[in-house]
């Protein structure tokens with residue numbers, strides 16, 4: 001997804017690194033778009049048509065020979081980027097999706113790393129990165145970027161007897177290892193309702209004074225998900241877990257209908273203050289503050305509106321990044 005690529009590239013740039021990314025090859029057929037993509041550090045990727053003959057797979061117009069040549073050029077371009085000390089941002093699932101758990105990884109990332117170690121005789125780290133959205137479908141929702149420990153690919157690994165004997169199996173093994181590391185920095189559940197229940201439980205039962213680190217919240221949520229999805233010891237435990245989950249989801253649904261947040265439900269209401277007094281106070285605040293806020297509202301509303309329009313209309317049809 002375009003937003004994911006922009007977020008990761010921005011984070012890399014903030015640390016003084018030059019980020020590059022793979023982008024769908026057909027986007028480069030337009031001279032203007034191709035020029036912009038190259039300025040942003042995009043490397044064209046050409047993939048063969050899948051068996052289901054997806055209409056979106058326009059790169060498949062190339063012949064097998066052309067695809068093989070383009071694929072070779074892509075890897076060579078990517079290795080040159082890495083040799084220059086730059087960062088290559090790759091999405092190992094190979095597609096944009098919305099799912100409660102991470103998809104199985106393709107071997108592209110590992111093949112890039114092993115190819116670089118082999119051709120340039122240098123070690124290369126693969127940094128697992130998890131992007132976790134708190135409410136992906138809502139405009140201006142929060143998200144976290146969590147980096148995991150680097151997975152090193154060395155020349156000794158690619159020159160080993162095992163790698164020389166069966167490169168395909170070794171690439172698969174390294175991809176599986178990367179997938180396990182990716183699970184440590186992402187949120188994964190069997191369905192979205194489990195994620196919603198776990199997040200609400202964290203807020204209800206694991207609420208701590210003051211703010212909690214966003215990445216710690218993700219880890220706590222994953223821990224609760226694991227508890228909800230673990231095999232129950234007996235029918236009694238299974239029923240108890242199901243009951244708690246149902247109550248939490250029902251409470252969450254009621255909050256959404258009332259457009260309230262859990263912390264707002266617990267706000268103390270002064271007993272000595274009547275509803276009429278509270279209403280009159282709020283009206284007074286509105287009359288005093290509205291004239292002061294109006295200039296800022298008029299100046300910033302167009303940008304807010306354009307941002308929301310961009311999120312709802314443009315991004316669903318935006319560039320497809322790998």
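Placed from the backbone N, Cα and C atoms, the Cβ positions cover glycine too.
Pulled from TrEMBL:
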DOMAIN    1-134  domain 'Phospholipid/glycerol acyltransferase'
TRANSMEM  283-306  transmembrane segment
Secondary structure content of the domain 'Phospholipid/glycerol acyltransferase' (1-134), with strand meaning DSSP E or B: 64 helix, 21 strand, 49 coil
Confidence summary for the domain 'Phospholipid/glycerol acyltransferase' (1-134), mean pLDDT rounded: 81
